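Summarising the annotation, TrEMBL assigns transmembrane segment to 20-42, 63-86, 92-117, 235-256. Residues annotated as disulfide bond in TrEMBL: Cys155-Cys188, Cys156-Cys172.
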Amino acid sequence: MHYYRYSNAEVSCWYKYLLFSYNIVFWLAGVAFLAAGLWAWSEKVRIEMTGLTLVTGLHGLDPVVLVLLVGIVMFTLGFAGCVGALRENICLLKFFCGAIVFIFLLELAVAVMAFLFQDWVRDRVKEFFENNIKSYRDDIDLQNIIDSLQRINHCCGAQGPEDWDFNIYFNCNSQSKSREKCGVPFSCCIPDPAQKVVNTQCGYDIRKKSKNQWEDQIFVKGCIHALEAWLPRNIYIVAGVFIAISLLQIFGIFLARSLISDIEAVKASNAF
């Protein structure tokens, strides 16, 4: 008895496994972000015991929510790309491709808007900073981010040290009996090279003094001005990162579209 093997068209393994390899990295990164976000969230619930107030009570940025959102997006796209490539599922591949295109266009639109409407963006950034200053003591993760931002950029507040009046603990005019009243966080203080231990009380009562004395003890430049000065100095790094991310996204779109076209061609060929 003779067996005949019919030669059917097959999907290119190059496109298939390249796209799988491309997505497995993002899928694993999404898993890592989700794991870190869920762990941090559980720690907050355990320590604060506040439940939904972790979401509704914080007026500024909650870093844990941001990590969870990034993890969900990366996990979903990575999973769709991996399964779509291995199973040659056109629906999943089109979802992955469409989502990457949407994210790419969103990034491009944000960059163009930021360039064309700089004053509006500056106002929104100022408002964002002020909201986070209000919530400085409400969330330990947010507190660490603000402290790192001020310490690294040698700045204090959004426009200047006076912005810490937005926080009830540091407000000079409030009736609060907080020991931090009319002060600034320790991250606003000019570090003393001779000190090996961080003095967390260095900003106490500093704003009760005259502004001429501030410059000797704290940073007087606002973080918005510091970031505006940082950007021109590091424009090539920022542009390089943006271009690298864009090229990765374009490469993923190219692989997905090529695999979709290949699958559709194979199905059409095998239909006859």
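Each residue, glycine too, has its Cβ placed from N, Cα and C.
Just so you know, TrEMBL annotations are computer predictions that nobody has curated.
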Least buried by Cβ count (within 10 Å) of the disulfide-bonded residues Cys155, Cys156, Cys172, Cys188: Cys172
Distance [Cα-Cα, Å, rounded] between Cys188 (disulfide bond) and Cys156 (disulfide bond): 5
